[in-house]
Amino acid sequence: MAFDAAIFGNYTLRTSISQLGSKTFFLSVILTAWCPWQGVRNHPDQSLQSILVFLGSFLSFALRIGLLGFVSDKTWQFGTFDAVSCALLFMLGIKARMDLASCDAREVRLRFNATSHGADAAGGEPDPEKPKEPFSQWNSAAFSTFMPASEAKEPATTQYGTETQFVPSDGVLSGRPDDRSVSNLLAFVLTFVIIFLAQADDRSVTALIQTGVQSADAICGALLGIFLPTLVAVFFGIFLEGSLIDSRLLFTVSSILLALSFITLTQALLYLDAARPMQEKVLALLNLFTES
């Protein structure tokens, strides 16, 4: 079968335009700039995690395009996907809001500690007439003669049978996991899962369903059309992280996540047939007022 450049270019352009500004585009931007585990990605692993976010987003679209090309039901479980993504986006929005509250409290505390003589934490000037209150300290020399030096002891170990155990008795996983490893894992896994769920009723997927993805030229064109906007979204997320302070970035992230959660909720209600009874109740209430 000969390569059809017209089909390839048509699918590339159509998918790229529909992907720009869609739900998944903004999710890629947000997950590039913010991590639910470590917060704002302003640490040395930002470059690696940005690559992982890009791979997770692009591979989720590759899986979706493959499903559109080989399954008969193009809208399989879209209502369930919308409901699950609505819950996930809402929880992520609440987590970003909590990070914002912690960031605001930390900024107020640092501002308060930076002022002298009890200045106002909101930016007030210190009172020059207020005397500086002395602070008390422990006199370590007073207790040195009564407190004998303790002898160094070997760390206690837990013994089972004849073998000495140096790990906690409740297992190796009882300690806190490494923040760097968890953040790297979430950069790929969370992006892959939430982008795949949010693709239901997304503009790019709807456009591919309307035109159909059957030939290899169409599949390759759609993949290239997804590749370019996803790359733009990742670079845009890096730009946001570098240009906004943490408090403004977290406010933007939480607002977008909660807005996307509301959008997916309305889409899920349409699929779950919950909008029809509500519409009937509203019409009945309006008729009651008009008749009276």
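Any Cβ shown, glycine's included, is placed from N, Cα and C.
Feature list (source: TrEMBL):
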| type | residues | note |
| --- | --- | --- |
| TRANSMEM | 20-39 | transmembrane segment |
| TRANSMEM | 51-70 | transmembrane segment |
| TRANSMEM | 182-198 | transmembrane segment |
| TRANSMEM | 218-240 | transmembrane segment |
| TRANSMEM | 249-272 | transmembrane segment |
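Under the criterion of 3 or more C-beta pairs below 8 Å, with sequence separation of 6 or more, the transmembrane segment (249-272) and the transmembrane segment (51-70) do not qualify as touching, having fewer than 3 such pairs. For the transmembrane segment (51-70), the partner stretch with the most Cβ pairs below 8 Å, chosen from 20-39, 182-198, 218-240, is 182-198.
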